[in-house]
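One structure is given here, and the rest of the page talks about it.
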Amino acid sequence: MAVQQEAAQEYVPQPKKKEPSELEKRRKKIEPGSLKKAEMRPGGGDARPSDGDQVLYHCTVRTLNGVVVESTRSDNGGKGIPLRHVLGKSKMLLGVVEGLTTMLKGEVAMFKMKPSMHYGEADCPISPPSGFPKEDELHFEIEMIEFSKVKVVNEDLGVIKKVIADGQGWETPREPYEVQARISAKTGDGKVILSHAQGDPYFFTFGKSEVPKGLEMGMGTMAREEKAIIYVTGQYLTQSPLLSTIEGLDEVQFEVELVHFVQVRDMLGDGRLIKRRLRDGKGEFPMDCPLHDSLLRVHYKAMLLNDEKTVFYDTRVDNDGQPLEFSSGEGLVPEGFEMSVRLMLPGELALVTCPPDYAYDRFPRPANVPEGAHVQWEIELLGFEMPKDWAGMDFQSIMDDAGKIRSTGNRLFKEGKFELAKAKYEKVLREFNHVNPQDDEEGKVFLNTRNLLHLNVAACYLKMKECRKSIEACNKVLDASPAHAKALYRRGMAYMEAGDFDEAKNDFEMMAKADKSSEPDSKAALQKLKQTKQVCAVIRKKRSKEAARKQFGGLFDKKPGEIAEVGPEDEANEKEEESTSKEQHKDDEIEEEPLLEDAVEGPRPGLLHRLWPTGGRLFSALGLQRCTIL
C-alpha cells in the first residue's frame, strides 16, 4: 500500500510553470543603482499603477547638465500632448516602466537613469530618436497625470476602453444592431472636434461604417447605459458620417454613453432571415432564452412581404384569441420561425423577416400564401416550459421520459425529418452520460436502450447520406457488444452505400454467426450486395464506353459517310442491364429489417438518377440510396 501511495504521489501532474513575459525577462537584468528617483512634488492617495493599467503622463528628458533632449511639454518644445501607455503591454523604456509603478496620481519625480535603463538597454523594444544620446546617463522628469484600469480591445493597442460608469446586463451590440449613443470626441491635446453629449442621441446601424471603425470596435464591448472613454489611434480612424474629417489626427478620445440598442440578428449570416426586437423581454440574453427544446407559448401575426403587408393569420383573431403552443425541436412550425423564437426572452416582441425556404416552401403552406413568398412574423413570446430535469428522478421515470423523446424522434424519422430525429436521439444519449443504473437489471435495460439510440442515430446518418458517421455510430454499439447482429447489419448497409463492399460482406457474414435467427436477413443482405456490385460494374463499364465515345467522336463506330449502327456489344450491354434490372426487382420482395426499431422505412430514391439515367433505374430497384463507382 505504501508503495502504491508513493507511486500515486510521484505521478501527480504538476501545474505548468508560466513562461515569463518579455518585461519580466528584462527586469531580471536590472543592475542595482541603475535607476534612482527624487520626488519633486508629492502625489495624492496611496494607489500606484501596476501591469495592465493605462498611464497618462508627461515626460521631459535632460542631460545631467540640464539640456533638454526631448519633451512632451509645449514649453520645452513638445506638442503638449501627454503620453498614454498600458503597463506591461505597450513598448516602453525599462526605466520609465519601473519609475511609473512607484508614483502616485499627480506626483512629479526626477529619475536618473543609466543607459541600460533607457535606449542603451540591449533588449530595448523601441529605437531611439535620431541623435539621441543613448550611451549617456540622463534625467527623466515625469508627471503622473492619471492611471486607471482599461480594456484592451485590440492587441496592437489601437483601441482601448476606459469604463466611467458600468452598464446594465452583459449583452453588447453587434452587427446589425441599431444603436443610440451620445458621443463626443477630442484630440489628445483636449481640442473638442465632435459633440453629441446633449440632445437626441446619435443613431446608427452596427456594421454599416456609420462611425469610425475603432469607435465601433470599442462600443462592441459596451453594455446598455454604460459610459466609457474609447481611445482610438490613427489606423482605426476611418471616415464615416459621424466623423468625416480624419486627416492629421493621430489619436481621438471618444466619450460615449450607450443609451440604448435594438437587437437585430442576421440569423443565417446572409441577410435573408432577420429578427428585429421590437420590445425587450425579461431576463438576460441568451441565458433566459428557450435555447433547448421546450414547450413554447406565442402569439403571432403572419404577413406577406408585399406592399399591402397582407395579414394571412393572426392568433388573436383566427385562433379565438388563444396563443399557439408548440414543442420546439419537432418541426411543428417553419424553421425560420423556430430559430427566431429560440433567441427570444419571455415577454419579448420581435419582427422576423423570412425567406421562402425557411418559411412555407419547405413546410405545409397555408392556402392564402403563394409559393416562393417572403413573409414577416410579428411574434410575442409569452413564456415557455423547460423539459424535465432528470436529476432526482428514479430510474424507471428516467427511462419512461427517454422513451417519450425517442418516440418523438421516431415520428420525425417517419416524416423524413432526419436531422430533427437525430437531435432527439442524441439529446437522450447526452443525458444518459449522467444516468447510473443501480443493479444488473437496470444496467441491462440501460445498455439495450443506449444501443438502440445509437442505431437510430446511425439510421438517420444513413438517410442523410453520411455513411462514415453512420459507421461510427454503429461502432459505438459494437465496441460494447461485438456480436450485436443489428449493429453489424446496419454497419454493413452503411459500408455498402459507401462502396466498401468487402467490409459490408464481412459484416453480413458475421451477423449470421453472431445470431442464427438473423441468417435470412444475412442471406438477403449478401444477395443485395452481390446485385449492387453487378449494377456498379455495368454502370462503370457503360460510363467508360460513353467517355471514350465523347473523346473520339464515334471514330470507331462509323464507316465513311455512314451513321454507326448499334453493334452486338452494345446490344449485349443493354440486355445485361435489362436482365440485371429484372433480377433486382425480385429483391423488392425481400423484407428488410426496419432502420428504426419501431418505424418501417419507406422507399429510398436512387441518387444515380442524376448521374446516369439507366443506372439510376437499376440502382433504385435495389432500394439503395447510392453506389460509389470504384
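Glycine too: its Cβ is placed from the backbone N, Cα and C atoms.
Remember, TrEMBL labels are computer predictions, not curated facts.
Residues or ranges marked as region 'Disordered' in TrEMBL: 1-53 (among others).
TrEMBL lists 16-40 (among others) with the feature compositional bias 'Basic and acidic residues'.
Mean per-residue pLDDT, taken over the domain 'PPIase FKBP-type' (52-148), amounts to 96. If you look up TrEMBL, you'll see 52-148 (among others) marked as domain 'PPIase FKBP-type'.
The feature domain 'PPIase FKBP-type' is assigned by TrEMBL to 176-262 (among others).
The domain 'PPIase FKBP-type' annotation in TrEMBL covers 293-385 (among others).
Marked as repeat 'TPR' by TrEMBL: 485-518.
Residues or ranges marked as region 'Disordered' by TrEMBL: 558-604 (among others).
Positions annotated as compositional bias 'Acidic residues' by TrEMBL: 567-577 (among others).
For 578-588 (among others), the entry in TrEMBL reads compositional bias 'Basic and acidic residues'.
Sequence annotations record features per position, and here TrEMBL assigns compositional bias 'Acidic residues' to 589-600 (among others).
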Q | Cβ-Cβ under 8 Å with the compositional bias 'Basic and acidic residues' (16-40): same-chain residues at least 6 beyond its ends | A | 51, 88, 94-95, 97-99, 102, 107-114, 116-117, 121-123, 125, 141
Q: Would you mind splitting the domain 'PPIase FKBP-type' (293-385) into helix, strand and coil residue counts from DSSP?
A: 14 helix, 35 strand, 44 coil
